[in-house]
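Okay, so here's the structure we're looking at.
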Amino acid sequence: MKERTDAPQDRGCLVGICFFILGLGTLLPWNFFMTASLYFQARLNTTEFSNSTTVVRTEYYFNNWMTLLSQLPLLLFTLLNSFLYQRISGAVRIAGSLVFILLLFILTAVLVKVPMEEDRFFSVTMATIWFINSFGAVLQGSLFGLVGLLPQKYSTVFMSGQGLAGTFAAIAMLLAIASNADSETAALGYFITPCVGTLVTLGSYVLLPRLEFAQHYLNKSVKYEAGAMDELLKESGPVENGKLNGHANGTATSSSPKVGAELEGDPGTDGPKHAFVSLEQEEKGQAKASVKEVFKKIWVMAFCVTFVFTVTLSVFPAVTADVRTSFPGKWERFFISVCCFLIFNLNDWIGRTVTTFICWPGKESRLFPLLVVSRVVFIPLLMLCNVQNRSFLPVFFSHDAAFAIIMALFSLSSGYFVCLSMSYAPQLVDPKDGETAGALMTFFLALGLSIGASLSFPLRALV
Ligand SMILES: O=c1[nH]cnc2c1ncn2[C@@H]1O[C@H](CO)[C@@H](O)[C@H]1O
């Protein structure tokens, strides 16, 4: 992508690096709490079995609740977006969310050293998860608004950062386990990592308005710090009754450079996706299509993104994080971090990145939704792995390699189809309706995550 001649250069790719870090920062809460599931479960199951008498233990369904209480806020805040955007300025929303996320991570790190009764620990952890993900959702929505003002490639960079957050958490967990420290110190080290990560993210945000290249786009005709941008975004929102805010071209996860490419109207000029482009269009009398009309064109893609995430979150991590290795020994400690979290996040990331080169099946193809629906086979396949404890189903795939292969295909297809759906949707509508398509897809993405999280309860109980 060549820069416009009147635009300053992104020196040393600093703005790119800032947005990459900001993307990574948005998904730190979800990924660090998810990857630490063994730590939390260990603290919740301190009562050991004694001799042959079975001690009755409270089953907390930690992974299920963690998933649900992480994803519901995302859905809620996607719906509440318009309300928040009107009342609180962008700078306050972004910096404020980051500060609260930092405080909640610090609290989690401190709690590692605080002995607590199981029930209370469960309640405190769940409250932390709910609040940290609520702030994460506000942060995510706001940053998508900001990155939308810059050239398209910065959205890609931002979403790449989001994609890497899971791998970052998995590696932090592996290092914590590999260190010879006692389990408390290891857990403390693990939770200090996202504290530092969030601080660095805050630093990137503070640095941003000081960079000439970012200033050029963010301050062009609106005051970045004063929140005037929000007014502008609000006005250019696609939904007449203000239910959804339309600036985000997908709060999503997709890392494809094609997402929202059509927003710019003229793909030849590599100009910024300014919100006011759409204002100008409106002034020229090009009325935007209603949400219903846009939905009619993209419903297949909306269904696909919902379905992909429903399948993914219904078993990951609630079922997959309970799989046990068939090779006891030293490997046991690393098994879940490697075979569940690292494999998932790496392949999810690869699946998204691959869509830069491969876009098959095409956006009109019937095969596309068919393949998406066929991902449902991963649910029984994963449930038939060595999940412990289990009540009803037999173990079909006891070997670690079988589980690893199923996980790899499961996550590869998840990332690939999410990314394709998110990039196809704006291509199915007129360029002027690209923002509406993006906002609608964001809602369905969050809906899929929440439905999946809810389904994880019956599915885990069925194993
Ligand atoms: O808030 C979010 N926004 C976008 N994608 C998310 C969010 N939370 C989770 N995932 C996605 O769900 C899968 C399992 O971790 C991953 O693909 C992750 O990117």
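Just so you know, glycine gets a Cβ as well, placed from its N, Cα and C.
Bear in mind that TrEMBL entries carry predicted annotations, made automatically and left uncurated.
Record features, source TrEMBL:
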TRANSMEM  12-40  transmembrane segment
TRANSMEM  60-80  transmembrane segment
TRANSMEM  92-112  transmembrane segment
TRANSMEM  124-151  transmembrane segment
TRANSMEM  163-181  transmembrane segment
TRANSMEM  187-208  transmembrane segment
REGION    243-268  region 'Disordered'
COMPBIAS  248-257  compositional bias 'Polar residues'
TRANSMEM  298-319  transmembrane segment
TRANSMEM  367-389  transmembrane segment
TRANSMEM  401-425  transmembrane segment
TRANSMEM  437-457  transmembrane segment
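Ranked by the number of CB pairs under 8 Å to the transmembrane segment (298-319), the listed stretches 60-80, 92-112, 163-181, 187-208, 437-457 are led by 437-457. A contact between the transmembrane segment (187-208) and the transmembrane segment (367-389) is absent, since fewer than 3 of their C-beta pairs, 6 or more residues apart, lie under 8 Å. The listed stretches are 12-40, 60-80, 92-112, 401-425, 437-457; of these, 12-40 has the most Cβ pairs under 8 Å to the transmembrane segment (163-181).
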